[in-house]
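The annotation region 'Disordered' is assigned in TrEMBL to B:1-22. According to TrEMBL, the compositional bias 'Low complexity' annotation covers B:11-22. The domain 'HMA' annotation in TrEMBL covers B:59-125. The transmembrane segment annotation in TrEMBL covers B:142-167, B:179-196, B:216-234, B:240-258, B:397-415, B:421-446, B:716-737, B:743-761.
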Amino acid sequence: MSALVYLIPVALFLGLLGLAGFLWALKSGQFEDLDGAAHRVLMDDDEESASERKSDKPEKP
Amino acid sequence: MAEVAPDIAEPTASPSGSTGTTPLCCPAGMVAELVQESETALKTDDFADQLQHNDDGSESLILVVQNLHCPSCIRSIESAVENKPGLLKARVNLSTRRLKLNWDPAETNAEPLLAAVAARGYRLVPLDPAQLESAEAEEGRALLRAMAVAGFAASNVMLLSVAVWSGLAADMGPATRTLMHWVSALIALPAVAYAGRPFFRSALAAVRGGHTNMDVPISLAVLLAAGMSLSETLRGGEQVFFDASVMLLFFLLIGRFLDLRLRGRARSAAENLTALKATAATVVAPDGSLHSLPIARLEPGMTVAVAAGERIPVDGKVLLGRSEVDTALLTGESLPRPVGEGSEVFAGTVNGGGPLRITVTKLAEASLLAEIVRLMENAEQGRDRYVRLADRVARHYAPAVHLLAAATFTGWMVLSDLPWQSSLMIAIAVLIITCPCALGLAVPAVQVAAVGRLLKQGILVKSADALERLAAVDTFVFDKTGTLTLGRPSLQNGSDIEPQVLALAAAMARHSRHPLARALCQTAPRTADRDLVVQEHAGDGLSTELDGRTLRLGRRGWCGIADDAAEGAQDGAMELWLAGGDFAPQRFVFRDAPRPDTADVIKRLQRRGIAVELLSGDRSPVAAQLAKDLGIDVWHGDCRPADKIARLEALAAEGRKTAMIGDGLNDAPALAAAFASLSPADAADISQIAADIVFQGDHLAPLVEALDTARSAKRLVLQNFALAMLYNLIAVPIAVAGFVTPLIAAVAMSSSSIIVTANAMRLNLKSQGKDA
C-alpha cells in the first residue's frame with residue numbers, strides 16, 4: 001500500500017499535465033477553426049517549409 | 001453573391017496555374033484581372049478604426065473574406081502574403097470565413113498585404129474587433145475550459161473509485177479507503193465548483209425567474225452529490241458519489257459544447273454581415289478629391305464614385321458614366337440592366353461595366369436594401385418563438401424529477417425508521433440516477449451526426465434547431481430565378497446555328513464578361529482563338545473588323561435589325577444578334593434554364609408528401625410556364641418581397657409548415673419569415689444569413705437529402721428520448737428502493753450516454769439519396 005503514496009501524486013501530475021496542455025492549446029487558438037484544421041492536415045506545405053524556417057513561425061505545425 | 005463574374009468554376013475562363021494549387025471553387029487567379037482594373041484594394045483610411053494595436057508593438061487586423069468557400073482557399077490566401085517582409089502571422093479561419101493578419105508596423109503596413117490577397121481575387125472587408133468580443137464567443141471558450149477540467153477530474157476520480165470498488169470486494173482497509181475518498185474530494189470539489197458554473201448560473205437565473213429548466217435538477221444533483229459525499233468522507237463512510245458528480249458534468253458539458261458549436265456558425269455569419277453593412281463608400285468632394293466615408297454617414301446630394309465590379313453603396317441617380325448594373329440580387333432579373341446618366345440605381349446591386357459617379361438621393365437607412373433588411377428582421381422575430389424539442393421535454397422532466405426525489409425522501413422518513421441522513425442519501429441517489437445525462441446528449445449527439453453528414457455533401461446547417469424545424473415541414477415554397485433555375489442564361493438554339501457562325505460569335509464573345517456573352521462561349525466548341533480586335537460598347541454589344549467588314553454582336557436595334565422584321569420579335573426572350581458578315585443576320589436565343597435536376601427533385605419531394613409552390617418575382621406568364629414544365633400546381637408571379645411574406649403567412653394560417661427556398665436579396669425577408677429556409681451557396685449574402693441551411697453546387701438534390709436527414713434525425717432524437725426514458729424506468733425503482741451504490745450510478749450513467757451516442761451514429765450508416 002505504501003506504493004500509493006507516490007503513485008497517486010504521479011497519476012495526478014500526469015493528469016494535470018494533460019489538462020495544462022489542453023488549456024494551452026485552447027489559449028493559443030487551436031480550437032478556433034475546427035473546419036480549417038481538418039483540411040490543413042492534408043495541405044502540401046513543401047514549398048512553405050523553406051520560408052517557414054527562415055521566418056520561424058512556431059504557431060504553424 | 002453576384003460577382004461580376006458569377007461563374008468562377010467555368011474552365012474556359014480561368015487562366016491556370018497561377019497559384020500552385022488547383023482552385024475548385026476559388027476565385028484565385030480568375031478574378032485577378034478584374035480586381036486590378038476596379039482598384040478595390042483597401043486603403044489605410046478604410047480600416048483605421050478596425051486596426052488593433054497589440055501590447056508587443058505589432059498591429060493586427062481581422063477581415064471577412066467574402067468569397068472564401070473551400071479549403072484550398074486557405075493555402076491560396078496564406079501563401080499570397082506569407083513571404084512579405086514584416087508579416088508576423090497570417091491565419092485563415094475557414095469556419096468563420098475570416099483572415100487575421102498580424103504585422104510589425106516598423107517594417108510594413110497593411111496595404112501591401114491586403115493588396116496581395118486582393119490580387120488573388122478575394123474581396124476583403126475589415127471587421128471591427130469591438131463587435132467581435134461577443135459574450136457568446138467567450139462563453140464557448142469558458143465551456144471548453146470547463147469541459148477540460150471536468151474531463152481531467154472525471155478520469156482521475158474514476159481511477160480512484162475503481163480502486164475503492166475493487167477494494168470493497170477484496171480487503172481494503174478503512175484507512176486506505178478514507179485516503180482515497182479524501183484525494184477524490186480534493187480533485188472533485190474544485191472541479192465541480194469550476195466546471196459546474198455554466199449550469200449553476202443558468203439554474204439560478206431560471207429559479208429567480210420563477211420557472212425550472214433542465215439545469216435545475218442537474219445543479220441540484222451535482223451539488224447535493226458532492227456535498228453528501230463530503231459529509232460521508234468526513235464520517236469515514238463507505239459510499240461517496242464524487243465520481244458520479246464530475247462524470248455527470250463532463251458528459252453534460254460535451255452536449256453543451258456540441259450545441260454551442262452549431263450555434264457559433266450562425267453567429268459568425270451574422271457578425272460578418274454587420275461588417276459588410278459598415279463598408280465605406282468613396283465620396284467625391286466638391287473640389288474633386290476622393291475620400292472614404294462609412295455608408296451610414298452618406299447624405300443626399302453627395303457624389304459617390306463606384307468602380308467597375310464594386311457594389312453600389314446607396315440608392316441614387318447616375319451623374320456620370322455608362323455601365324451595366326447587375327440587379328440579380330435585388331430583383332431576380334438575370335440580365336444586367338444598362339444604366340446611363342440620370343438612371344436610378346439601388347444599394348446592393350453590383351456595377352458591372354464601367355466606373356460610375358452617383359448622386360445620393362436617399363439616406364442609407366432609407367435605401368431599398370435597408371428596407372429589405374428591416375422586413376427580414378421583423379419576419380425573423382416570429383421564428384424565435386419556436387421552442388426546441390429538448391426544452392419542451394425539459395419543461396416536463398425537471399418538475400417530475402424534483403417531485404420524485406421529494407416523494408422518496410418523505411416516503412423513507414415516514415414509512416421506515418432510517419435516520420434522516422440515510423433517507424436524504426437515497427433521495428440524492430434518485431436525483432443522480434435521473435439526472436438527464438442521456439437526455440443532455442440525446443439531441444446534440446444526433447445533431448452533430450446529422451450536420452456532419454450533410455456537411456460532407458456540401459450542405460451547411462447554420463442554426464441548431466434548423467433540422468428539427470425542417471423535419472416538420474410539409475410545404476416547400478420555391479423562388480424561381482437562381483433557385484429553380486441556374487440564374488444565368490444559356491444558349492437555346494445552338495443546334496440550329498451553323499458551326500462557323502457560332503464559332504465566330506463565340507470568339508467575339510470571349511472578350512466580354514456580359515452574361516449572354518459568357519453563355520455563348522460556354523456553349524460554343526472551343527476553337528483556335530482568332531486574332532480579333534474587339535471593341536465593347538456598353539449597353540449595345542461588341543464590334544470587330546473582319547476581312548474589311550464590321551461585324552456586330554449585340555442588341556437587335558444596334559445590329560440594324562428592325563424590331564418587327566425578324567423571327568421571334570414579340571416573344572421577349574433574351575437574345576443576341578450577329579450581323580454584318582457574309583451570312584444572314586443570326587439570332588441567338590437564351591433562356592434561364594432550370595437546374596439540371598429540378599423536375600426530378602420536385603417529383604421526389606412530392607413523393608415524400610410535400611406540397612410544392614412557386615413564388616416568383618418574375619412576370620406571371622414566365623412563372624406559369626416554368627411551373628407547368630416542372631409539374632408545380634400552385635404558383636404566383638409578380639411577387640414583391642412583402643407579397644411573398646403575405647403568402648407564407650397565409651400558408652401558416654392554414655396550419656402548414658413551410659420551407660422557403662430562395663437566393664435573391666428580395667427573398668431574404670421570405671426566408672426569414674418561413675418556418676425553415678434553405679438557400680444555394682451562390683445566393684446573396686443576406687439570403688445566406690437569413691437561411692437556416694445553405695447548399696452548394698448546381699443541383700437541387702441537396703434539398704431532398706437535407707429533408708431526409710432532418711427526418712431521420714428527428715426519428716433518432718425521439719428514439720434517444722425513448723431510450724433515456726427506458727433507462728429511467730429501470731433505474732428509478734432501484735434508486736427509490738435505496739439500492740443504488742456509486743458503482744451502479746456510474747455504470748448506469750455512462751452506459752445510457754454511450755447508448756444514445758451510438759444510436760445517433762446510426763445516422764451515418766444510412767446510404768445516401770435513397771428514395772423512400
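The backbone N, Cα and C atoms fix where each Cβ goes, glycine too.
On the 0 to 100 pLDDT scale, the domain 'HMA' (B:59-125) averages 81 in this prediction. Secondary structure of the domain 'HMA' (B:59-125) per DSSP (helix as H, G, I; strand as E, B; remaining residues coil): 20 helix, 22 strand, 25 coil.
Using a cut-off of 8 Å between Cβ atoms, the transmembrane segment (B:179-196) and the transmembrane segment (B:743-761) share fewer than three residue pairs, counting only pairs 6 or more apart in sequence.
Counting C-beta pairs under 8 angstroms (sequence separation of 6 or more), the transmembrane segment (B:240-258) fails to reach the transmembrane segment (B:397-415), with fewer than 3 such pairs. Between the transmembrane segment (B:421-446) and the transmembrane segment (B:216-234), the number of CB pairs under 8 angstroms, six or more residues apart, is three or more, so the stretches are in contact. Taking every recorded stretch in B:142-167, B:216-234, B:716-737 and counting its Cβ pairs under 8 Å to the transmembrane segment (B:743-761), the highest total belongs to B:716-737. Beyond the transmembrane segment (B:216-234), the same-chain residues lying 6 or more positions past its ends with a Cβ under 8 Å from any Cβ of the stretch are 178, 181-182, 184-185, 188-189, 192, 196, 199-200, 203-204, 206-207, 240-242, 244-245, 248-249, 252, 397-398, 401-402, 421, 424-425, 428, 431-432, 434-436, 440.
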